[in-house]
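Features as listed in TrEMBL:
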| type | residues | note |
| --- | --- | --- |
| DOMAIN | 37-142 | domain 'Cadherin' |
| DOMAIN | 143-251 | domain 'Cadherin' |
| DOMAIN | 252-356 | domain 'Cadherin' |
| DOMAIN | 357-461 | domain 'Cadherin' |
| DOMAIN | 462-571 | domain 'Cadherin' |
| DOMAIN | 586-683 | domain 'Cadherin' |
| DOMAIN | 801-906 | domain 'Cadherin' |
| DOMAIN | 907-1015 | domain 'Cadherin' |
| DOMAIN | 1016-1120 | domain 'Cadherin' |
| DOMAIN | 1121-1225 | domain 'Cadherin' |
| DOMAIN | 1226-1335 | domain 'Cadherin' |
| DOMAIN | 1350-1447 | domain 'Cadherin' |
| SIGNAL | 1-29 | signal peptide |
| TRANSMEM | 696-721 | transmembrane segment |
| TRANSMEM | 781-800 | transmembrane segment |
| TRANSMEM | 1460-1485 | transmembrane segment |
Amino acid sequence: MFSLCSFNSRRRASSTWIASWLMQHLVLCVFVMAVAHGQVRYSIPEEMTKGSLVGNIVQDLGLDVKRLKSGRARIFTEDSREYIGLNVDKGTLIVKERIDREELCAQVSPCSLHFQIILENPMELHRIDVEILDINDNSPLFTKKEIHFQISELAIPGARYSLESAKDPDVGLHSLQTYKLNPNDNFMLKTLSHIDGTKYVEMVLQRPLDREKQAEYNLILTAFDGGTPPKTGTLKINVIVLDANDNAPIFTQSVYTALVAENAAKGSVVLQLSATDADQGTNKDVTYSFSESSSSVIDIFTIDPTSGDIIVTGILDFEKNKKYELNVVATDRGGLTDTAKVMVEITDVNDNAPVINLISFSSPLPENSAPETVIAMLNVKDLDSGKNGQVRCLINPSLPFRIRQSASNFYTLVTDELLDREKISEYNITITATDEGSPSFSTNKTLNLKISDVNDNAPVFQRQSYTAYVMENNSPGFSVLSVKAHDKDSGNNARISYFLEDILVNGVSASTYVSVNAESGEIIAVRSFDYEQTKEFNIRVKAQDGGNPSLSSNVSVKIIIQDQNDNAPQVLYPVQSGGSVVAEIVPRSADVGYLVTKVVAVDVDSGQNAWLSYKLQKATDRALFEVGLQNGEIRTVRQVTDKDAVKQRLAVVVEDNGQPSRSATVNVNVALADSFPEVLSEFTDFTHDKEYNDNLTFYLVLALAVVSFLFIVSIIAILSVKCYRWRRERMFYKSGANLPVIPYYPPLYADVGGTGTLQHIIRKMFSLCSFNSRRRASSTWIASWLMQHLVLCVFVMAVAHGQVRYSIPEEMTKGSLVGNIVQDLGLDVKRLKSGRARIFTEDSREYIGLNVDKGTLIVKERIDREELCGHKSPCSLHFQIILDNPMELHRIDVEILDINDNSPLFTKKEIHFQISESAIPGARYSLESAKDPDVGPNSLQTYKLNPSDHFTLKSLSRPDGTKYIEMVLQTPLDREKQSEHKLILTAYDGGSPPKSGAIKINIIVLDANDNAPSFTQSVYRVSLPENTPLGSLIITVSATDADEGTNGDIQYSFSQSSHSVSSIFDIDPSNGEIIVKGNLDFEISKYHELDIEATDKGGLTDTCKVLVEMTDVNDNAPVISLMSFSNSIPEDASPDTVIAMVNVKDVDTERNGQVKCSIAPHLPFKIKSSATNFYSLTTDQLLDREKISEYNITITATDEGSPSFSTNKTLNLKISDINDNAPVFQRQSYTAYVMENNSPGVSVLSVKAHDKDSGNNARISYFLEDIFLNGISASTYISVNAESGEIIAVRSFDYEQTKEFRIRVKAQDGGSPPLSSNVSVKIIIQDQNDNAPQVLYPVQSGGSVVAEIVPRSADVGYLVTKVVAVDVDSGQNAWLSYKLQKATDRALFEVGLQNGEIRTVRQVTDKDAVKQRLAVVVEDNGQPSRSATVNVNVALADSFPEVLSEFTDFTHDKEYNDNLTFYLVLALAVVSFLFIVSIIAILSVKCYRWRRERMFYKSGANLPVIPYYPPLYADVGGTGTLQHVYNYDVCRTTDSRKSDLKYVRPCSESIISLDTSGTQTLTHAQREKLNSDDSFDQVRLDYKIHSSVFLQ
């Protein structure tokens, strides 16, 4: 704000109005700044010594000590007493008098001293707030030392008792903060606050009192303030507890447990219960009884009402009921009760023998029955429980059988070892069932078992494996081999059939290679084999007998293919092309044995069929050359002479060693010459060479494009494959799917022919779980073991079938359908009949029957669920359906669903209770339970009590699931409201529609003193003027008590929290009238809060509040305090300029304290409120000292009370003169012209301004405003003389760079603050001719010859060409003219003066020279003019060859072609090299990744890497013409993670060709467990690069 004001105060306009407007805002800013500075605030603690430092006012207000002294700084305060002083010499505030915060502000917080620091010249007002911080110098204090209460033990929790409040004059954290009651077991404190913020407390009964436990309570009430350390005050509270009958009987245990044997005699004592009552007299007597919920056991047990003995009166049977739950009630004479549970557990006695039921028995039994084969199914039942019901079944241990428990009450007799019918054909098995009771009981049962014969031998091959050899190119149907197997069984079981197992050979089914005769076992070839494709393969033949089930075995057959010589040799080098001639150059100086070249050939056959020999079939001179028989090297056999022809043609035959042998012929051209030109002249001519060069260029460009394309495509393909692999792996890893197990069979590496070519054979084999499950060994033991598991599976299946379940409702008619057992078990009617299907049940009574003809279950007898199961749920009938041949056991469960055919029923019609109205909520009263034989949703579900205003129901459940209820007092009873309650208890079941039963409950409420007084209003409000006389009645409070007699008498009093107002008001204790007792003053306290307490004779209380609001009376006149006054102001003071600051105060409130200040309306001033209680006297319009130089201003302050009061104050003001005019330029804008290339320092223009002020205010200075021209400061272009206003050029201008620019010049006077104005100056740069023309066409080059061709038949005026030129100058300096300076024949051409067109001026003749050279001058129109010259070559010719022969020669063109060919070859080599390097880099990265992954995923054995190194064909002649061939074979699988790469570089027929072919087979990569096989994955990349140079 300060910077804004100071900035605005310096700005002045040129007119008087603008100057006045600025002065107004300047003065307003000064005033606002003064108010804003009033926010300086300090905080000091109370009780500081005199002279203590409060704050550095100079530093905090941004002033200095000189300003305080010059401004006559002083403190203005609204109070007469000054606590803070100002040290003008140091610029600090100090404590002037002792400050007591409690005396100064009492309970007002925050407590602050407000005053203003006033400075003059100029006027400043700084508002200062000094907050007085409280220190903890006062302790909380109670007016009394001890208080007493008498409280009945029937007092309801929540009853409130007013306590005296402590007083603490401190505020904030040091004031009274908390109260603490000790001990606080039964009482708690509730802290409340008055409207003025002071705290008071009430003691609230938290828990019921019990006189029997504690008859008197001595409490300490402690008040704490928030000081550090805190200070306290204490008050003793004595509470006497009045006695009442409030204790119910209490059992010594809530749950009693007793054990009774099922054979206990009648009259036996089960248990003795005991309950005590803390009351005395008759209230202490207790009687015992069974609750209504235990009515079902009264025919078995009884209880002595006096002693609490529980006695057996009925017959106990463990098998019928194992546990009884008794609910016992203890009741005193006052009707209070307690309940306890008695859990009677019946112990079992061993009085039942086991019963063995034979469910199923299989006889005879096959001799090959595996161990664990089920022979019989038994059901063993013992009605006893525990050890008495635990049964063990045993058989003779010498028998090859054993018995085991398969399920509850079910046993299976199974084989324990392999049987042999030839040894023992019959067994008698005795089963003994014995329980573990004492004494124990046992039962025996004997079974007769016969053994039958079965097929138990599998076929066995004569050999463990077979090997067969087949010559390739065999005829389909050729017999390869015969296999034979035999079976020890006889008859149909010994009849053997042969089958070929379906496995994969080289990715296709083995059946596409061979077939097997099912009867004889002969293996026949289905196709003709090719050794080069398949060298060997394995198959498996299975032999299967005719038994049921059939047995089989298999054998491995290895078929090896033998090679035939069916492939002729293939010549790799030299390459034969159709129209090309490939020649090997031999110098004539070659010695004998000189290596001319080497014929390289291969044969894909193996062995001796691949051995090659080389022979010279024919030659131009057979005496000159010979061919190596084994290596194919062509060497000279004599010295080359000059007579030998340059051209030599050799025919070489390459023959293999097969029977019959095969051969191939290759032609070799040899040139006998010492230099390349000799060869070139012999084999071709120049015309052909030129054509060759053209073709070579074309093919080189084509090859470069193809290689580049293949390079890019390969990179994209590799990236695509990697992305595909990554996505596929992500899919498998996320899905968690189990991948098939693919075992890995390592590849077979064979080098058969010795030719150095490594053969790589890889086989994949897939093994399926279904195939493994059919595999059988040849031994009898394995067959028996499999049979054991087969029979075991059959038994498990039989048990699993027992899970069939049906649900039917009770009371269905006989013959009703239960379920279709045939359909649900997946059987048919024939199976039921053949298996003699029957039902087995453990009970003697059969409710369900089996209709064998239809395969259905039907109702055989009427089913009553309540009779069958009682309250047991779910209620099910369990039985088994047994079938023979083979044995099957199906367990069937039929659930009997309940229907709602019974209603809830109470044994009594009405019950009665007498309950005191002082009964505590939560008191429980046992009710009779209803009985409903139904279960589930149809059973007893809910109870409903109506009406339920005071009581609620609590539903409980017994262990058997039946429900019983208790009636719980929910809200306290009030006899005064209702002395009798009639309730209806209704029991509902869950049927649809529900059924119900009801019982009446009659409750008589006994009277008690339980009503506290109640005020008619909780808050009373009254308004009272401050001049109300003493003794005046304010208001009457009233409370009522519903009790009668002395309990209804009420006394009124002020509560402990209203002690502070007892000196002002008084209350009548009998009628509640409140009167004025002391003096009222609105200015001291605006309202009073009274807490009134009404108390009955029983000590019960109620409280209310009386809020007394004081109204103000106008009894104070306004007071005007002059805070600051400027007795002289400048004449240009703007409107709202502050002249004086006054403080107006009226201690009254509202309209009585609202003050209006006014002055005479004809004066050019006004007075307005700037803040609360502050007014500012300001100018209302512009002043003129020449008219009026002095004013007397009277300020009148008037309040709005009735009657109103007013105060006057007069001020004398003088007006002074100031500088209020800004400089003004003679023109609004200026324009100046400057010629380019001027001298720095030249005068451009002079500007002039004048100022209406005089003296120093009229002295004008000129400045150049800092603006940017073309990105740089304007001061780099021109400068301005500060005194004269002359504008001077600082630099030389260039019209082509800057044509014009603008600047601003500021004129500023010498006033304080200075005023200024500015003017715009436009400077225009004029052009000079300082640039020569520039020729654009024809373009002039250093060594090139550019010629325009003119036909000799051209007419007069023929346009030869056009000279195009430009000039960067403008105007006439840019006008161009064209002239012909010189020419070979000036009479033949002319140049257009304006357009530069060169035309012929006559007909061209044959005599005119072909070469014509013209010199054209281009000249501008400047002063002085500038020019440029251009040479134009013209060729007079009708065809291009004439021009070419005249201007240049063919050597240049040929050299160009040679350079082009060289760069094309270089580009092709670079791209090919990058292609190969990229592939190698990618493969290297893959190998590196594989090795890194191998460290973490290691599975199976690593396959060895067997690199193949082919023979190196050395160039022993040293001529460098022989190309090397490199072959690399590397095998890769997912186990080894190696790459299979094959590089071959044979010769090609192309001049320069790149043949890239790749075959990539990617098998799905899998992650397997450590013990699983790795899947096969082969990647093979073959790259072939062929290059050769041919001359034609």
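Every residue gets a Cβ built from N, Cα and C, even glycine.
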Secondary structure tally of the domain 'Cadherin' (801-906) (DSSP, helix then strand then coil): 19 helix, 42 strand, 45 coil
Confidence summary (mean pLDDT) of the domain 'Cadherin' (143-251): 85
Selected stretch (most C-beta pairs under 8 A with the domain 'Cadherin' (1121-1225)) from 37-142, 143-251, 586-683, 801-906, 907-1015: 37-142
Contact check, the domain 'Cadherin' (252-356) vs the domain 'Cadherin' (907-1015), 3+ Cβ pairs under 8 Å, seq sep 6+: yes
Contact ranking winner - 586-683, 907-1015, 1226-1335 against the domain 'Cadherin' (143-251), Cβ under 8 Å: 907-1015
Three-state composition of the domain 'Cadherin' (1121-1225), taking helix and strand from DSSP: 4 helix, 56 strand, 45 coil
Secondary structure tally of the domain 'Cadherin' (1226-1335) (DSSP, helix then strand then coil): 7 helix, 50 strand, 53 coil
